[in-house]
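Chemist: Have a look at the structure that comes next, please.
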Amino acid sequence: MNYFQSIYSKFQQRNPILSYTITRSIKFISWIPLIYLFSEHFAYIGIIDGISMKPTFNPDNSISKDRVLLWKFNIRNNLKINDIVFIKSPINPNQIHTKRIKGLQLNSIIPRYPETRSKILIPLNHIWVEGDNIHSIDSNTYGPLSNGMVVAKAVWIIWPLNRFGPIPANGGRECREDKLRYNGSNNNQLNNDD
Amino acid sequence: MTIIKDVRRILSISVRSIAAVHLFTSSCFELSQTEGASMLPTIQTSGDFCIIDKSFKNGNKIKIGDLIVARKPTQPDSWVCKRITGMPGDIILLDPSRDNINELHKRYNENKNDINNDINEIDIPNLNKIGKFNRDPYDMYIIVPDGHVWVTGDNLSDSVDSRTYSVLPMGLIGGKIIIGIYAPNLLKFNGNYYRFLNNTFEDYI
């Protein structure tokens, strides 16, 4: 150990600037894995692109995209109706989509196009997601989605600043069969969107 | 004061090193233990460890016949180890273990001309019918959709796999198993304790 220390002190005496930069950069690099761990498992900032969540995010066709705060710790078991989640797309797993949860496990769902299938029972640990906009590729296309595909939960709008604050809790349509039946306006609710 | 400084230094170094190990195991390689009888000829019921290559995460570059680990769709907190037996666009018979081999050969010969044709020309609803009636639910053919794979265990009689929970989204795939390590042989020093888990389908492709 003394041998290495003597080599290091000699190196430090000969070129102090280089040794300073090397130690500083090593210290900086050693913090990067911690940033990765934090951004992968606790919180991160997500950018929302596209029109699929239009009344809630990106309401006007401006160039700026919405930034939201994402929460990633212990979300898979605490999903609720009307939460906005970031999911891996089942069609292309390297893409990430933003959708709103509209049905949880064991809910009976009436899809947007009831001609193809009148009712869908969601399996255990699956969710039904839909975009707030009608023009969105969501569970109406690819069916219920496993909880494991959920990457993060959006909790707070950060940018643009005039909409800074919590995310609107309502959006999209109601699609759970028991709620629709309770309102007594099954057909009206379905036709509102179309 | 020096004690507080030392404690802070040790804490920060340990936190950073844990994070570095996490970064390595989540993006490069991971060693994990496997359990269960679903992959029996390939992976033992207990005492077997395997090295997982995480560059195959999300089903990147994955091929038919690869061994993968994935989250179980109906139980996302548990991981399963299965072999890929169908890629997007393939036509799958849901449960071949229900039929005897002669029946399968007979049906293959009947539909030989269809199978050699382009996939778009095959009439799947027609294939799923005997005369006017639908086949038994487990005796049907499906096409694996885009972004999904069909996975089965090697031990078909004791495996919960795509025959139960249908197609598996590629987003649930965590990596590919490349090396198996049998722990009891590791302690004996004379046995062959490690083996490469090869793709058994490569001969047929």
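Placed from the backbone N, Cα and C atoms, the Cβ positions cover glycine too.
TrEMBL: automatically predicted annotations, no manual curation.
Sharing the record's features from TrEMBL:
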type	residues	note
ACT_SITE	B:Ser38	active site
ACT_SITE	B:Lys82	active site
DOMAIN	B:10-178	domain 'Peptidase S26'
Chemist: Count the other Cβ atoms sitting within 10 Å of the Cβ of B:Lys82 (active site), across every protein chain shown.
Modeler: 26
Chemist: Just the number: how many Å between the Cα atoms of B:Lys82 (active site) and B:Ser38 (active site)?
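Modeler: B:Lys82 (active site) and B:Ser38 (active site) have their Cα atoms 8 Å apart.
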Chemist: By a simple count, how many Cβ atoms lie within 10 Å of the Cβ of B:Ser38 (active site), its own Cβ left out?
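Modeler: Excluding its own Cβ, B:Ser38 (active site) sees 23 Cβ atoms within 10 Å.
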